[in-house]
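Reading through the structure tokens given below for one structure.
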Amino acid sequence: MTTTTPPESQPFQAEVAELLNLMVHSVYSETDIFLRELISNASDACDKLRYEAISAPELIADGALPEIRIRPDKKANTLSVVDSGIGMDRQELIDNLGTIARSGTKSFLSRLTEAKDGTNLIGQFGVGFYAAFMVAERIVVTSRRAGSDQVFVWSSSGGSGFEIAQASDEDATRVTRGTEIVLHLKQDASKYLEGFEIERIVRAWSDNIQFPILLMPEEGESHQINSASALWQRPKSELTPEDYKQAYQQVAGAFDEPAMTLHYRAEGRQSYAVMLFAPSTKPFDLFDQARKGKVKLYVRRVFIADDADILPAYLRFVRGVIDSEDLPLNISREMLQNNPQLAQIRKAVTGRVISEFENLGEKEPEAFGKIWDAFGPVIKEGIWEDFERREKLLGLSRFTTTKGGNRSLKQYVEDLKPNQTDIYYLTGDSVERLKANPKLESATARGIEVLLLTDPVDAFWTSAPLDFGGKPLKSLSQGDIDFALIPLLDDKAEDKKDVSGADEATTIALIKDALGERVSDVRASQRLTSSASCLVAGGGAHDRMLERLLAMQNKAPTTRPILEINLRHPLVAAIAGDKDAAKDLSFLLLEQAQILDGELPEDPAAFANRLTQLVLRGIAKG
Ligand SMILES: Nc1ncnc2c1ncn2[C@@H]1O[C@H](COP(=O)(O)OP(=O)(O)OP(=O)(O)O)[C@@H](O)[C@H]1O
């Protein structure tokens, strides 16, 4: 005897209501995708059932492979997508079809509202089930969790909420396991009742869904309309670029083209098939804190998990499938973490993905450039995290430098100047600002190439001790720089040295006295040629950019910088000669340097005031 729960109305989570509103009033032309989304959910449900049935075989007592049925009904103007998968109980219906759990949803929705054509963005997000509201004015979902004697009906016409109720006897008899989704189609969506239209969409988007998809026409025989093969198990020679594209779009729920495809079978100590893709566009949650990967793990074609952390977090954008022949089918998700066989697979596949990137970088630099543009900031996390592959990841990295875009460290090292032993870089907010940074001056005068690093992650990985090909990486805004042995491009420039040289000891003493605690030291600079001053971090301190980022997050106390001055600069030279103005001039040197680093002077009003006073004095003198 089952207890009866009365029908109940529930509101959608605010994000769902907003998404539905967007879907209904939007101009998305790609309405076809609703079917792909429903089939994909149905397929996931079949996968989950097969997985649960490994430890509870009674769930599929009939032994039949779960399947997906599509039933158009012109008279009723409905299209049904039915699966005999895992199904949902009452709470699951409420949670899964009433909320969106993914973080970052709010900010994504506001981007979607602003976008002109949201299809691409929608692809990054994956609206899933809710896409059905593009074509349906009312949706009724009847579901029975596998093994349960209770059946529930979820229904909604979009808007602000849904109803949930216990199924009638008739409904319960019809849905013996899994989920039936009935779409009451909108007026202009009746084309989705045509068999040929359904077949076309399934071929285009869902052909390689592993479970049979059956079309149940109103007249005539039902028949299977997909090939239902595990594509990754087929030999490469049988597959076309179009097959790979479809497989990628299906497995990733994406709309773009894969930027790289890696398909192979490993034999030997372990056998497994690998089909992985690098997308060409960024997903919306690339920088999500959870940093979860999305490579699906199968064992002998049975889906096991989609979060088995097969690839390291810095490759979390890679999508696809690994299908092992050797892992035990009944491996629990908890056991995946510590399974030594899986650890070997992880290691081998990670190495292979990286060497594939290396190949692409060498043979098809443009194709690799696309991947780098989209995912470089993520791959660079690996330089910090993956000690073992650090040099390889540095080798993969592409940089904007003072010589141009898309430069590799290999190219950098080939172009080293005579006596140059280090690889120089500067971190900051934008390439334009970095190019104008005075810390580049001395390097520029010697034709030394400098990496201009502007991704937030750059401040972090560069804080590890790094070298490439035996050449250490060195920041131009940290510690001492010695360019003495590297010749100037224009060797006469050196003559300017004594033109208006200030008395070093006196000048430094005056500035130190004026600035007191604001700086940790004042030094003559090797970095500057034409600017008056710059700020650098001490050798043992965090680089300036990292310091700023950490300070923003209150993660570390700030350390005082070192002020470097250019003794040849007239402003610096003036300090020793004009004791009255020495204090104001010293502050000006500090504040100018802060501004050039993209910081604000601590007291902007005092800065403006000082500047005014000095200019007025200048005018009066003139
Ligand atoms: N046919 C179904 N059978 C069982 N559960 C389902 C079915 N359709 C949807 N669900 C459940 O509802 C959840 C939400 O589905 P939805 O399509 O909105 O997002 P998703 O599939 O999780 O995400 P994405 O679309 O990005 O893959 C699913 O995760 C699943 O738990």
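Every residue, even glycine, has its Cβ placed from backbone N, Cα and C.
Computed from a predicted structure; not experimentally measured.
If you check TrEMBL, you get these features:
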REGION    1-333  region 'A'
DOMAIN    30-189  domain 'Histidine kinase/HSP90-like ATPase'
BINDING   GLU37, ASN41, ASP83, MET88, ASN96, 103-104, 124-129, THR179, ARG333  ATP binding site
REGION    549-622  region 'C'
Which of GLU37, ASP83, all binding-site residues, has a Cβ with the fewest other Cβ atoms inside 10 Å | GLU37
Cβ under 6 Å from ligand 1: qualifying binding-site residues of GLY104, VAL127, ARG333 | none
What number of additional C-beta atoms lies within 10 angstroms of the C-beta atom of ASN96 (ATP binding site)?
-> 17
Helix, strand, coil: count each for the residues of the region 'C' (549-622), based on DSSP.
-> 45 helix, 4 strand, 25 coil
What is the total of other Cβ atoms whose distance to the Cβ of PHE125 (ATP binding site) is within 10 Å?
-> 21
Over the region 'A' (1-333), what is the model's average pLDDT?
-> 89
Sequence-distant neighbours of GLY104 (ATP binding site) in its chain (C-beta under 8 A, six or more apart) | PHE284, ASP285, ASP288
So for PHE129 (ATP binding site), how many other CB atoms are inside 10 Å of its CB?
-> 18
